[in-house]
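What follows is a short report on a single structure.
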Amino acid sequence: MRRSARDTEESAGKITRRGLLLGGSMAAVVAVLGARMRHMQVDQADEFRLLAEDNRISIRLIPPARGLIMDRNGKLIAGNEQNYRVVISRDDAGNVEDVLNRLSGILPIAPEDFDRALKDARRRSPLPIIVADRLSWDDVSKVAINAPALPGVAPEVGLSRIYPRDTDFAHVVGYVGPVSDSDLAKLEEPDPLLQTPKFQIGKIGVETWMEDALRGKAGNRRVEVNAVGRVMRELGRQEGVAGGDVLLTIDADVQNYTQARLGEESAAAVVMDVNNGDLIAVVSAPSFDPNLFVRGISHNDYNALTENDHRPLANKSVAGAYPPGSTFKMVTALAALEAGVATTASSVNCPGYLEVGGRRFHCWSRRGHGRVDLDRALSESCDVYFYDLALKVGIDKIAEMGRKLGLGERHNIPMSAITEGLMPNKAWKQERYGTDWRIGDTVNASIGQGYVLTSPLQLAVMTARLATGKSVVPRLVQSVGGVAEPFDAGQPMGLTPDMLDAVHKGMYAVCNSQRGTAYGSRVDDKTLKMSGKTGTSQVRNISAAERARGVISNANLPWDRRDHALFVGYAPYDAPRYAVAVVVEHGGGGSTAAAPIGRDLLLRALSDGIPPTSAYPASQRNRIDTMHRNLPLRAPDGTPPESTRA
Amino acid sequence: MTFLEYRLKTVPTGPTKLLHVNWPLVVLLIAIASVGFLMLYSVAGGRMGVWAEPQMKRFAAGLAVMFFVGFVPIWFWRNMAAIAYGGSVLLLVGVEFFGSVGMGAQRWIEIGPLRLQPSELAKVTLVMLLAAYYDWLDIRKTSRPVWVLIPIAFIMLPTALVLVQPDLGTALLLMTGGAVVMFCAGVSWWYFGAVAGMLVGAVAGVFASRGTGWQLLKDYQYRRIDTFLDPSSDPLGAGYHISQAKIALGSGGWAGRGFMQGTQSRLNFLPEKHTDFIFTTLAEEFGFIGAFSLLILYALVLAFCISSAIQNKDRFASLMTLGIAATFFFYFSVNMLMVMGLAPVVGVPLPLVSYGGSSMLVLMAAFGLVQSAHIHRPR
């Protein structure tokens, strides 16, 4: 449109003014931008630099190799094996489901693992997801060959626990397993290692009690990660410290012999060096394969273990509490001798029973033993003799002697569920039941029945202390990380040689005199002869009516109502080296079910290998040879016997 | 002025136009685009082919477009203003029906190899139309209500269409761009005061409507506002972008971490690092020195445009140049405010630096208009 010159002038003037105003406001905004830049990049630079470093640098722990567990001769009990697994990282895989589908065409992936991996992938976890674990080298090679078709999939190698002597050490060494929430809750300041995926800690046995020594210290890697957590490069590395090796006092071969000798019986046995307390074998049968637990046991396998009436999961050698029966009689005898209420020569008449407070307490021999002294009372296991001693000395003195010998005490070795047993006295009963101690309780306790409860470990300690007269302390660990653990051979317990000799003589007679209860399990070799004591402890009450009709023999009772068979012993009788305690649950008589095992174990501990046939009485040698030939023993390198191999 | 009034003898013709091109402006644009090439090379991890090379080709095409547009006489463009505006409004309608969906909004149309965002085009055509309108209007009527309502309608038409997409950022740029032209044309302060008052009311309305049946914005837009007001409220979700952008920017320090050494961009902590957030990479790798230099380059572009506008006696040319300068200003300032945490995240690219085709071509065409105004100014 046509404009006058004035209008044009005015228009241009206005535009100039407003344009300059516009330019001024823009300059103000630019100044604000510049100031903000300066503030963030100069004043706050350090803060932001720190945040940027936080973003990109991630510290990854390097799990240390777990310490090995070996026997006294360095034979491997718990080791680490390389474990191949396949992981997938989400940001490289693209479509995780596609890749997993392709992968499952190559590897056997369980449907539940497949679903779990897919779920993990949806959770956008920055860490690689473990798809398959414990793969063979073949499977890993297949993955490597097909790598181009499997973006984001990578094989990884880690260490996992293996127990080459599987069943032999299940109860002693235990096993490792994944860290549970309750494991973490127990610790005040959990090692950050415990939160690394797939990390395993000791769950039971030596593995858990020696956890601190075995675990080692984690190393770490400073890595640069991208926004989705993938490692781009390593910035620095600090190596960790591998866990310390633990050397046990156990002899793996004796342990294996013991396990095989107990067989499928529900039984426990402990072999101990009487001079320094070293535990040579600690066995509970039947056993189980701890490797199953490391890999994650299936429901079927676990149910089979829990439903077995022989309780393979129970650690009977230290956790089982049994009435010691006649194996307790040495305690009663020593209590009486020490108190001076009886001498080594005193004798008692046994008519087959003792009347106490109007109640009749029977000797195992209905006809009675006639006049018996300590020697015969032990060798023929006369009950009445000990009833008599107990009445004279009283329960408190007996309990005191029992404690002195290691009963009723929790021996501190790194195993799980160690029982204290029970060494009752008057005060205990008052506190526990609120009733007075009765004279009948003393009578029952004198022969190791009633309230008295002991574990095979305690019985072995008792036997070692009887053999040496010293308060020797059991020890399971020889050295940790090359540093020897102290042992305690014990102090003399204040028992006079007279008393000890009298008991030793009695125990010798048990195994070597014609009428001894363990004469059938005697040793022929003079240098290997043993002393011991059998025990048969009732697990049921025998009513007066039954006694009148005739006591039902073990063979006619259901398995779980039969008597427990026990044997304690040491050898050689004149220069003791090893003590043994054997408990066969519901095994029947101690002399028939437990003593033969005790003899074999002592001879095995004393010999280098299978005990020589010449040590056995001539009449038994064929049977023993056959037994030894059929024993499912491991090869020296630990490989399992043919018969049990799958 | 009609073209008859131009003293044609004094307006350069033919190749002599080359001598009258606003060369400092051309140099500045090339410098800014080169910063972009460098950063695109860096964020691609040192590869040319990914972003830098296509961007260079586009910029070359953009320069050609700029010179072509610049050599066409300014009165031609003035006569084309209404047609161009009408065309871009039609495209905005078309994008509703044929547009491709991206980021939850319909924004672009595929025309052969070209991916056109009509809203980009609308920013320039709106400025052209308003400048032509005020050139035509008797200046004494400028502030009369009827003659103020007409340009407001011109502004609201494309704004409404863009809001439907929905693209809040572009809608705001359209309104402010239009408002700047009206302001420079001399519309009374009272109108701007009134609009400012209404804006305050609208903002209050937007917040009040949240969660009710007549909610004015989409949920994601509300979340962006929340995140803007308090980025730490959601550091791994919506606030992640802005937090990471600030970390990248701040960690650059005075002199930066070095070319291709920015950890935030190299390790993908930065979102959209080749488009909307490219400035953070520059700030991280070249520090305050680099970031501030780019800001100065932008400011110089504005300065040359404004001085050219003020010196130009042609009303259409001045208003259009100011409008284009303002549009350019809003582009880079909103982008920088956004990445520095001073404005909500509203998908606005950094002009000439961010990777992207249609916005660069439209912008270069706009600078072509500025050149045309400069070359053909009345002397």
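Cβ coordinates are placed from backbone N, Cα and C, and glycine is handled just like the others.
What TrEMBL says about a protein is an automatic prediction, not a curated fact.
Here the structure is a predicted model, which means the values were calculated and not measured.
According to TrEMBL, the feature transmembrane segment maps to B:20-44 (among others).
Look at TrEMBL and you will find B:56-76 (among others) tagged as transmembrane segment.
Marked as transmembrane segment by TrEMBL: B:82-104 (among others).
If you look up TrEMBL, you'll see B:146-164 (among others) marked as transmembrane segment.
Within the chain, the transmembrane segment (B:171-192) has long-range Cβ neighbours (under 8 A, six or more residues past its boundaries) at 119, 122-123, 126-127, 130-131, 134, 139, 142-143, 148, 151, 154-155, 158-159, 162-163, 318-320, 322-323, 326-327, 330-331, 334, 346, 348. The transmembrane segment annotation in TrEMBL covers B:171-192 (among others).
According to TrEMBL, the transmembrane segment annotation covers B:286-310 (among others).
Marked as transmembrane segment by TrEMBL: B:322-346 (among others). Here the transmembrane segment (B:322-346) has long-range neighbours at 123-124, 127-128, 130-131, 168-169, 172-173, 176-178, 180-181, 184, 224-225, 227-228, 231, 241-242, 245-246, 249, 276-277, 279-280, 295, 298, 301-302, 305-306, 309, 354, 363, 366-367, 369-370, meaning same-chain residues at least 6 beyond its ends whose C-beta is under 8 angstroms from one of its own.
Annotation comment: TrEMBL describes B:352-370 (among others) as transmembrane segment. Sequence-distant contacts of the transmembrane segment (B:352-370) (same chain, six or more residues past either end, CB-CB distance under 8 Å): 22, 25, 29, 32-33, 35-36, 39-40, 51, 54-55, 58-59, 61-63, 65-70, 74, 77, 108, 114-117, 120-121, 123-124, 127-128, 274-276, 278-279, 282, 294, 305, 308, 320-321, 324-325, 327-328, 331, 335.
For the transmembrane segment (B:20-44), the partner stretch with the highest count of Cβ pairs under 8 angstroms, out of B:56-76, B:146-164, B:286-310, is B:286-310. Tertiary proximity for the transmembrane segment (B:146-164) is limited to same-chain residues at least six positions away from its ends with a CB under 8 Å from its CB atoms, namely 85, 88-89, 92-93, 96, 119, 122, 126, 129-130, 133-134, 137, 170-171, 174-175, 178-179, 181-182, 187, 191.
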